[in-house]
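Q: First the structure, then my questions, so here it is.
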């Protein structure tokens, strides 16, 4: 160094020392980009600051660490283009350490090898070629000026102008600050006047001009979504918005909703009643009274689904019934149920029933699949769906055999079974005069409610085995061969074929099995779960008759009981 920097510059340089220590730290972390600019500002402060900066960087370049050498070389390369001219002049005079760095080497690293030494040598060569190149442009002797602040207020330079609303910078126009200020105010006033003054190009004033000085509220474009009556419109009238009525003392300032139905006006007049009945009359959303809904809700409903309009339901039914396949896929069924939850389910069901008449077989099958999807969803009660679909499904089921007939029958049986309204099937082997036969009591499993006049509690009729009757008559065990008593299948065959002998055998069974005090024997239910178990006959003694059995019973009851000696001595006394 030719000259020693003054003490003032050295003290000023000490405040910037933490920046340099962070930029030339001995680690593999690269130097942050913002530190390059801060170090370049140090070189532009003064000549003494440039000397102190170069002295510090050369001392760090003389370090044995490769990471420090690489960081210092990159900083010096950046200062060649952004540093002061005095710093570059001093650096050219002290380039011995840069030449030594071009031959930097050392023991290879176990992980990276010689890559660090190669980077240091390459950076030193780039710095030397850049520092002593003749094509290097001379950097400015002063630091770059800070850009003027942007925003409201005056700029920090002479002949400045205001910035902000209504200001447009004109480079060709010159003048004093007062003239610029006045022109700015004039242009701002013109902008405000053009925004307020109604003109032919203003889209907000294309409606009819106001008559007189009376106040007319502004009309928003959202009023065009209303549904006016075509009969009340003039031929040349445009679909505009009706005038908004103001009612003081109401919520929201007393202004009516623009796109609400006429019922919203009634609800605004009777807002107290609507608040009282709103919680209890949410179910009546289709009514037009307006006392149970708020104006916003009625406006949304009137805009979404106008009254007597099922266009969305009709589009959904058309989408479902018109498809390439006969059956609905799982995705189509899920989409149909999701859309039905947002629409009127009863209207969708009625439209599906209409599709079953006069359409192709494919459309009928898809409509039936859509109707069947109501059985697996909670959109409508099963009883209500059965009530609406029963007649149509019965007519389809009674038609010519085919896939449509089978599908309609299955759906009808499914709804009847889910509602518990399936009628019991009659047996094919019943006699024509079986209507006159005594009807058996309701079975405990098939009919949970007992029939009127029947006994509620089950009581044994006699000690003997009771063989119940059924509408199908069967002979007594005495008329059957012994082999038939062992095989129940043969007994059933014999029972079906021996209908002529049924009356006599029934009388025999009543005389032998039924006690005398039982006036009305209880037959077996035809729909019982235990039907057929009476075919397994109980073995009886053929030599005994009913009179012998009664005599034996009387003897048993009349004989005195024989007391046996007890194991306890005090009981035998």
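Using the three backbone atoms N, Cα and C, a Cβ is placed for every residue, glycine included.
Take a look at what Swiss-Prot says about it:
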type: DOMAIN; residues: 8-141; note: domain 'ENTH'
type: REGION; residues: 136-155; note: region 'Disordered'
type: COMPBIAS; residues: 137-150; note: compositional bias 'Pro residues'
type: REGION; residues: 194-311; note: region 'Disordered'
type: COMPBIAS; residues: 217-229; note: compositional bias 'Polar residues'
type: COMPBIAS; residues: 260-293; note: compositional bias 'Low complexity'
type: COMPBIAS; residues: 294-303; note: compositional bias 'Basic and acidic residues'
type: MOD_RES; residues: 400; note: phosphoserine
type: REGION; residues: 497-526; note: region 'Disordered'
type: REGION; residues: 526-536; note: region 'Interaction with AP4B1'
type: REGION; residues: 563-573; note: region 'Interaction with AP4E1'
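Please situate the listed features within the shown structure.
A: Secondary structure from DSSP puts residue 400 (phosphoserine) in coil. Within the same chain, no residue at least 6 positions away from residue 400 (phosphoserine) has a Cβ under 8 Å from its Cβ.
Computed over the region 'Interaction with AP4B1' (526-536), the whole-number mean pLDDT of the model equals 52.
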